[in-house]
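Here's the structure we're looking at; comments come further down.
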């Protein structure tokens, strides 16, 4: 009997001193929950080994909790990584050298990165904010039609809501992709494909609205060109989501399909110029705004394809002013130009054309 604890000696390969039993009792009392009880008389039997196993489990749980806390602490502005510290799949632009969030298998931690500055911040907010504006823009369009076009049909207004909604989807998915790509390689791959599909969705929305106002009184032409863009959209979707075409070497091919689909808009423009006087076509279809939109989008494609300006000055544009951020801004500018253009074109059709 020592310190109130009686130790019965048993034949065992272990040699346990009373001092070590006291240490074990103290450690158990501090590590385990109050539901575990330490008996004053300890017999070194199988039940004692079970208690020690529970002690081991408690220690592991504590270690896991601390590990999770460390993971959470690492998702902070002070723990951003450089490109050589990040996984290869995570570094899509080799000219962006700093500002990478640590990879974390937690959606919550990914969302928390909205509150601090890193190299995806501008990519996220450059589409998140416009996405919200276009969402609320549906209410604006409804009120605008009620005030300015009281005789417009529900179809007239519907095509504008289709375009606004397609833009909301495009910008929303884009911002989610850039927010969640620090989660894992699987998440990044999934969301980048969804991002591609959302871009196609916006292109389709642009065509639906543009063809509608351009051939306002020609439903046959509307259906023909809507069918054309639907087929192109499906083909483009296949290219951009097919697993074997996701490698970097196919990047230009994926980009080219978007450009080709977008610039197929010139087919109805050329057709319209053959059947309408050019000045009339400019007003009824908003041609000048299509040209402006095309220039802005081509400028965005230039930034996207060349990685300018960070390709000239690596590290200087890691947080602000990188090519992908400029690409985002050009896409938003193109969307605003398109919306303004189809509103102007619809007003001209509403006031000057009588469909029979």
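Each residue, glycine too, has its Cβ placed from N, Cα and C.
Taken from TrEMBL as is:
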BINDING   178, 324, 328  Zn(2+) binding site
TRANSMEM  124-146  transmembrane segment
TRANSMEM  158-178  transmembrane segment
TRANSMEM  190-213  transmembrane segment
TRANSMEM  225-245  transmembrane segment
TRANSMEM  252-276  transmembrane segment
TRANSMEM  288-305  transmembrane segment
TRANSMEM  326-343  transmembrane segment
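Sequence-remote contacts of a segment are chain residues at least 6 beyond its ends whose Cβ falls under 8 Å from one of its Cβ atoms, and for the transmembrane segment (158-178) they are 120, 123-125, 127-128, 130-131, 134-135, 137-138, 141-142, 145, 188, 191-192, 194-195, 197-199, 201-202, 204-206, 208-209, 212-213, 328, 331-332, 335, 338-339, 342-343, 346. Annotation note: residue 324 (Zn(2+) binding site) sits in a helical segment as assigned by DSSP. Each of 120, 122, 123, 124, 126, 127, 174, 325, 327 belongs to the same chain as 178, 324, 328, is absent from that list, and has a C-beta within 8 angstroms of the C-beta centroid marking the Zn(2+) site.
Listed as Cβ neighbours of the transmembrane segment (225-245) (distance under 8 Å, sequence separation of 6 or more from its ends, same chain) are residues 193, 196-197, 200, 203-204, 207-208, 211, 215, 253-254, 257-258, 260-261, 264, 267-268.
Listed in sequence order, the residues of the same chain lying 6 or more apart from residue 324 (Zn(2+) binding site) and placing their CB within less than 8 Å of its CB are 93, 123, 303, 304.
Taking a C-beta cut-off of under 8 Å and a sequence gap of six or more, residue 328 (Zn(2+) binding site) has these contacts in its own chain: 122, 123, 126, 127, 174, 300.
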